[in-house]
């Protein structure tokens, strides 16, 4: 059964123009071509990335955070309450007003105390500032090095300057060592992001990030198998060209360097818009969608590849809207750059007054709220 599915999936008419097939990609005369089995190398590379990341975050990112003034977020611990904890874990983290009233009866807490308990409990689950900084540092380091390496491997290639050159001789295109490592390292990195998604900082665009990672992995894998490697290297370079700027802006933001964060973000926004909304659709997608049909009749692989590019472009538009909205707020109102995807700590400016009121008028037969001063944990940082 599996053999039949595999035979159907890899049939040549799906992945190649008419008259071409897998035999054209067999190594011969000292020329080496990309093969699907090469992609297995990305799995150990992904595991190596996960190990390197742990070492990097402990030995490089943490000392750097201390040097820049980033500190662990201090949060108040909630008193243990089985009823509230059970409701928090099994029902919802944000109880309705009627649910709060019901919980008050179960616990003997006042309404304010129940609301405060849930607010602090939600804050406990949020990632600390240091965790966010370490993650941003790791991604900044990779994206910057990947962009430099990708640019170095493409700087002397004609298809960097004339995108039509990526189809010259297709699909019989010799694999270069620089292309092999560029592909394997990028595929390994995005695979490692998918493996670590459960422990990474979760943002409001979590689902979009998952779609992006999966689409990127499919795009890299497919373009490798059918020798769309020249197009693939250009796509990876375009994406790496702006990502390191965003991660560096996050790092400065977590460190409280407001001006550095703001101006780097504006540069990032400009680069993102030029590369993702202009160059990517009007040069790269144009050259993968329009130009190939002047050489070969359309085939399934042609539609599949361009379909993945359109998924990425939809995500680019989604993120561009968020970026432009943030940039406009900063440029027009001089507000601090703040990521709309952020999941910030919750605070209540009147909480200290509430606690004082609770002390003066404690609920009869109910437990007293602890008398700690409420610290404002809302640092207003972006993700």
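Using the three backbone atoms N, Cα and C, a Cβ is placed for every residue, glycine included.
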Seminar exercise, completed: TrEMBL feature transmembrane segment, matched against 180-198, 237-255, 332-350, maps to 180-198
For this session: Can you dig out which of the ranges 95-120, 303-328 TrEMBL describes as transmembrane segment?
Result: 303-328
Problem set entry | Segment assigned the feature DNA-binding region in TrEMBL (from 42-85, 86-129) | 86-129
Problem set entry | Contacting positions for the transmembrane segment (210-229) when only residues 6+ beyond its ends and CB under 8 Å are counted | 15-16, 25, 33-36, 38-39, 170-173, 175, 179, 183, 186-187, 190-191, 193-194, 197, 235-236, 239, 288, 301, 304-305, 308-309, 311-312, 315
Seminar exercise, completed: Maximum Cβ pairs under 8 Å to the transmembrane segment (180-198) among 39-56, 140-160, 263-291, 303-328 is reached by 39-56
